[in-house]
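Chemist: Here it is: the structure, laid out below.
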Amino acid sequence: MSKEDNVMNSFEEQANELMKERFQKLKELQSNGKDPFDVYKVERTHTSKEVKENYEDLEGKTVTVAGRLMSKRVHGKAGFSDIHDRYGKIQLYIKINDVGEEKLKEYKTFDIGDIISVTGTVFKTKTGETSIHITDFQLVCKSLRPLPEKWHGLKDPDLRYRQRYVDLIINQDVRDTFMKRTAIIKTMREYLDNKGFLEVETPILSPIAGGAAAKPFITHHNALNIDMYLRIATELYLKRLIVGGFEKVYEIGRNFRNEGMDIRHNPEFTVIELYEAYADYNDMMEITENMIAYICEKVLGTTKVQYEGTEIDFTPPWRRLTMVDAVREYAGVDFNTIKDDIEARTIAKEKHIEFKKELKDCTKGDVLIGLFEEFCEDKLMQPTFICDYPVENSPLTKKKRGNEAFTERFEGFVFGREVCNAYSELNDSIVQKERFMQQLKERELGDDEAYMMDDDFITSLEVGMPPTGGLGIGIDRLIMFLTDTHSIRDVILFPTMKPQPNNQ
């Protein structure tokens, strides 16, 4: 058994004893007609933040606050305590002359973690700390399970994620991260709304998993007796709305992919996709860099952020680099001189590039992407748009003007990681159907992430979709960069976890 396991077991043993004591206190409260769970509402007049920010107006006046008791230093006839609410903490002062002997005795029985409401007058201590001089109080929820005394001392890497509610109680920096997450998404909406985009909602359950190369989660609809998929992307439904005349749309929501989990991947994750009629991928680059800069300025106050000890500068314009140029710069291979698939496979073999399919089935485009992923991605530390992807790897994208071996697609990279993906959207229904047919062949070769045929989407393109630019941004990854967070689990409130034995 590891040292960390011993610490956890010791804590659980202590917690069990303390829980017995707390259950006994609850029984006594209930027998005395003071059951905290009979409290339905608290008439709170102020939050901790409001008391502190409005001290000059509130000094000497009576307020009622509520929160979780996080420290208690009451000895003899007086003492101090701290309660925490959403906005932070505020100090309380209690004295026997103000509440009486019985009430003070009751207050002393409160445990760390209990939730109380307090009424009292606002004042400042000799050290200048804004506090509340208690005249009355009420226990509104009894905490039966004790909080860890030293949360950072617990080494179980999963515990904070499994018990996020405790993590949020104990760690101010965790609360700050998720408050920033909310602010980032709110500001993203604000930017797009101000640009005339319309926020919409599209299906999460669909008979076809489309819009991305990924493994879907499969479920079954009993009434219709059909298998359905949790969406892997919102793209194809949003494009249908462009066809329908909604010229600027976006959706922020969860996507689901039945794939591996690591510090950058969670099976369900938050993405924004947006589409603009009469625009192309150059416009999407401008939206990306300008929107992220706007978010940085509004939420963080700067476009220069620290991430894992490196300064990342999100100031527009970002660097623009074609994939061919990136491979030439970082892998030392000039793809403009590669004549065909056979020559490309030879290069792949020399460079020891591995693929999901057999090397003999790989195209020149497959090899280009393989070289990029192997030699280039991790070099792209500052925000960079990698442009012009091979046509065979971008089935929903228009061909590059002037070079039909490539497409008008870019991905944005920061700190060696992809954060966004965008196209000049393919709107030719005939070509789109041909691309889908080629993807079906890829599936037959064993690529279970290749696109499915979506006949209704083809039908919508036959009705007619104007030239359109489309963009998708991984919100979780963006938030990781803007909060200097190492793992995606640290920016998702309740990340996917393997159940523990006995559901513990």
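Note that Cβ sites are derived from N, Cα and C of the backbone, with glycine treated the same way.
What Swiss-Prot lists as Mg(2+) 1 binding site is E411, E418, and the listing cites sequence analysis. According to Swiss-Prot, the feature Mg(2+) 2 binding site maps to E418.
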Chemist: Name, in the order they occur in the sequence, the residues of the same chain whose CB lies under 8 A from the CB of E418 (Mg(2+) 1 binding site) and which sit 6 or more residues away.
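Modeler: Listed in sequence order: E377, E411, G412, G474, R477.
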Chemist: Around E411 (Mg(2+) 1 binding site), how many other C-beta atoms are within 10 angstroms of its C-beta?
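Modeler: E411 (Mg(2+) 1 binding site) is surrounded by 19 other Cβ atoms within 10 Å.
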Chemist: Taking DSSP as the reference, which of helix, strand or coil describes E411 (Mg(2+) 1 binding site)?
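Modeler: Going by the DSSP assignment, E411 (Mg(2+) 1 binding site) falls within a strand, counted as strand.
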Chemist: Quick check: in three-state DSSP terms, what is E418 (Mg(2+) 1 binding site)?
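Modeler: For E418 (Mg(2+) 1 binding site) - judged by DSSP and reduced to three states - the answer is strand.
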